[in-house]
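Feature annotations, reproduced from TrEMBL:
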BINDING   B:68, B:118, B:162, B:169, B:193, B:245, B:263  substrate binding site
């Protein structure tokens, strides 16, 4: 009877939505006539976990145009396809302290300040494979569909509006073109970019897209690898620094979830390794961020300690127990390890247990209850057990018990 | 025979130092004559874990002036004492995209752009308790000593140099004073600030200071709580956004360890929840960051996956096993949980096990092998076990086994 | 035998050209391939007086593209056609302290900083009458031809180059378009602007164009009124503030001739009321100003005191003589006035002679030797002679002798 | 009976004051408490001609602090004493497009943008002779007294206020000090500067000070040379470019009188070669300019054509008459010249009369009615009469009649 227990995550989402629902400040985007027709009271949030379950609350099925929320994902496609070095020839990765439509081009290099402002985002789109706007947009769309896990449609009316009112974006394209950083003609880049911004999504889609970054590049619902782990990390890092325009620093202090908003009313937020969240509410604040989307993420972060830099209190030691085996004093020492072993846990284990390696009995490291040994931390154990030599009775001084093969890495998990 | 196993963390540090030792680019700081006399070949690194062990390599005992590395720690003291809201009345928290000595004052509010640039740092010092420069400096010094775990001395010659060449900093003080954001007279603020910058530390100290942020505010060597968890998180967040001046975005992409450098040659870097690193090497790049310190942190991060946003591969499920107890089919279901339970793990547990709550037999959640349940995640379990009712035989439908009391929080850990 | 006397102005020009001819620094413009093919050694200067004589020295017949020298003249056409208020809705008139291709748009109003930078110049062109680029360009061309006094041709190869490399200018057009200050589509504005910049002129043309501003809007060679006096004054004022980009202030200190340069190598300079100068020499300094053109104007200004703010030494009094007429003491007083009577001279005349108006004899003001009474100064004399009453013998107390009618204004001149 | 004629210039001033008297917008300066106590309704204007007569209207005797109106005069003292090159090592001369208290320091050179903003003005004061603030201020005061023609007093209460609220100015001093462009300690410079700003003047004083620039450096009332002609021209040039802060370009278009305002309510304006105007009215607009002072100057300029670039209509020819002397056809040709002969007039004379030099009879140039030959224009006549040779009868081909010696320059005037 699951009903009895319910879905506490959905309850958490619903409770937060209830708390922010009364906020009526802000205005729906009006710079494009099409956007102004949206029903302003809509409010929805979804959380997609890295194991592929999506929890939903409110208007999670309402479709809206993705707009700037597309930026990190297209950046991700660019670095995945071209590598970080090549992409950095075309765009810088520094916060600009400026609004989304800032010009913000480095005078010397001609590179937009970062790929989260329009100038940088248009350059990213221009780097997509293909010559024509149609080809480049096809690559963007296919990529975003893999992030979302299903087909995405273009809102043709919004696209027409974008195209007919997009002179500032055209200006940015021509500027980057003249500075040598645009990867196509200005017309090709802006046409593809306008279509990209006009793709429709819902809060559920954004949650899954964000969760795909949280997993290190694998869509947790479709299990498809969309981008490399490196590309996912770089993308999340750029969202951390630059995702919320000129209040990115404040966002990192208050909320601590790398995020990106769009004037369509959506926000996608990532808790690396944990989950993705998508929110939707059309009314925007002066910076173009969804008022209730921001409030939802802020409250969720506070209530549930979701800040990326949250200290979770002292952890139990990764050494669950330490005991002598065998009836007599000369028996082996068994250290039962547990939990997630990142660098610090590896360090603690080796620091505390290293001195126990000796001539009388074997040190047994039992990894059975360990959930993961992070790749970079395995090197800390790399001396084990071979290099520490053998006991007089021929047995290794150290013995590793690792039935799930966590020491060998995730492929064994 | 610990010698047999050695200290793999120290080995890791030494290996990285060896890799960067040949870098001879950069110049020692010369803007103050005293700084130019340092032995430029010095190179050291230390890593302090959150359980209080410090691993050292190279010149970790060499003393140098802390300079700008003091900034995050004094900001931490300020938010700890005054709260975030009050501090934010005096300083903004946004990356400036500008050099350390940028003027960067918001014209409307008069607030420096962030507390990691000189203008903001001087304002932080001015907010320390006390009226005179001596009193304010005494508060700074006492605070930094608690971060470092021992007494810190002022290099009086560097102080004299700072004071006699510090006109730009005086200008920043007068600017903030005239803008209403400085908390004292300009002379008091700069005198205290010059003394603060002239405090001497070594790489070991910086590692422990950084580790104190990593633990959420408790010095892991002295076990003294220096600042609150909130203050530690806010400070790390500001380091994330603004710590490396105008290359903070790039640093977050490449290294991913919130950090702060000083022209004395030191860098302090934090891996939240894990450890702190201190490095020392006097030659600076054009931005004033230690050339080999930066290289050390970058290489350490790459080799050992220390990037804050590193994806550590798929974790084993927090549900270690799921089995029926009792010989007959009507027995209880036992779910053995394990590892660190943050929000996502709590979500997975409740999502998978919720449907198993029913009328026939009890669902036993065994937290024995769980190392930690994050505070915010406990709410996900808050319905357990009372609200799910009782079986026909009067037993609770859900039973929690938690010998270490991890569900109740760290005080029980 | 004029040959015996020669042309001292031409000699002055030649002497200056000889002095600057050896300067070989700078480079011909290369941003357009077509411009790079020019013969770099060319050097010419012409001075056109407001009475229509042109003095020439060096390569005054060499044709080159007008480029940015067109900007003040198209601004003049715009204010002449639309009035200052309407034009100011589209462009600000403040020096920008920035290079010619600076973006420099006021964020609030969307107005380019001034009409001498590209953004403002493109907006001016967009305000020309007509819908298509062809129509707008036809208006520009016809206007510039009236300034020059003859037909001007487009260098089609330079135009093609401009059009194919003009992405930054297109960007500026789209920016102003999106800001609401462009008077046409971006494509129309830039096409017309590129053609405008590709019109060919020579140094003689520039001298006459500048002289047309110096006369207050009448081409001194063709005697055609091209623009109104107001438009000429406003244009010269904008050249004074903004003509030499980010060294306009320095130019005003050192040279003091409102001027405008172009990357084609030309400069047009105005001495209001006196003359216009055109220079041509292709090699440009880092700011895009002709190296030897600048040197020519600077040296001419110094040698001949042509600085607009030059103090010309104490003038003789406008009262040439003051004498009693008639044999007996009761005769009239005759004041012989002379020279140009601007405000200060009018003030001096009235201040000195006013007390002489009395009951015994008439005060005769003899304007015969006066060359001009400035319009605004006539008001100072407006009380004369009617309001001062009559003598006992019925004669007016003041009598004005003005055979050329200078008091009534230039139409009588 | 002068009363019958009256003083038309005073009438002109009074008429303008009447027209602007009803303007009640703006506020008296309040950043210094002392300034806020001024009687806001005061309104006065004075015009001092270059021949030393001062016309007054309204509250011309009311004393107020000179504040920023001192800036051009102290700049004048600096360039007079040190030369333009040395002064330019300390300050740039470019308009900043920024408010009076802008920081506006060139990052590379450390030079304030111009001497009319506070930073540049403080640097100018710091360059005064002497070591202490008292010595430097004594030089400033003595210089300003020579400009004004009498002793000036310090308003000690305003000085105290300035000194106690002047942190932003102190900041600017320290900034320039750290950048190497301040000529003294920051404390010395600001103390002297605060006293400078606290000197009291009235509208009459400002008119005479401005007139001293108009004459090329000679106080027209005391006949004392205060600064060199070069210094006067440079100063007026800087006022032209930078005098009215961020609306200098607009001011040049609308008013065309180089001017400088102060928050004490005063404005000094110069018509080079003609006169100086001083106005006083305490209420300021948002930029800190006296509302009614600006309106007074704008209306005066419009009504009386005082714009520096005003075209005064076609002048009569400098050749008043051209006739044959002698009964028979072979007689001499007499050209009666007249008025002010600047470059263009010299050019016209030589261009028209040059061809008349021949073998039959002498060309007589009669300069008797000429009021002035500008120094730079004399070179145009330099070939006369020697180089044109002699007639068969031994007489010179050209004869100059110049009883007042205007061709030899002002010393003969």
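Each Cβ is built from the backbone N, Cα and C atoms, and glycine gets one as well.
In three-state terms derived from DSSP, residue B:263 (substrate binding site) belongs to neither a helical nor a strand segment and is classed as coil.
The binding-site residues B:162, B:193 differ in how many other CB atoms lie within 10 Å of their CB, and the one with the most is B:193. Using a 10 Å radius centred on the Cβ of residue B:263 (substrate binding site) and all shown protein chains, the other Cβ atoms total 23. For the substrate site, whose binding residues are given in the record as B:68, B:118, B:162, B:169, B:193, B:245, B:263, the maximum C-alpha distance rounds to 21 Å. With a 10 A radius on its CB, residue B:245 (substrate binding site) counts 25 other CB atoms from all the protein chains. Its own atom aside, the Cβ of residue B:68 (substrate binding site) has 23 Cβ atoms within 10 angstroms in the protein chains shown.
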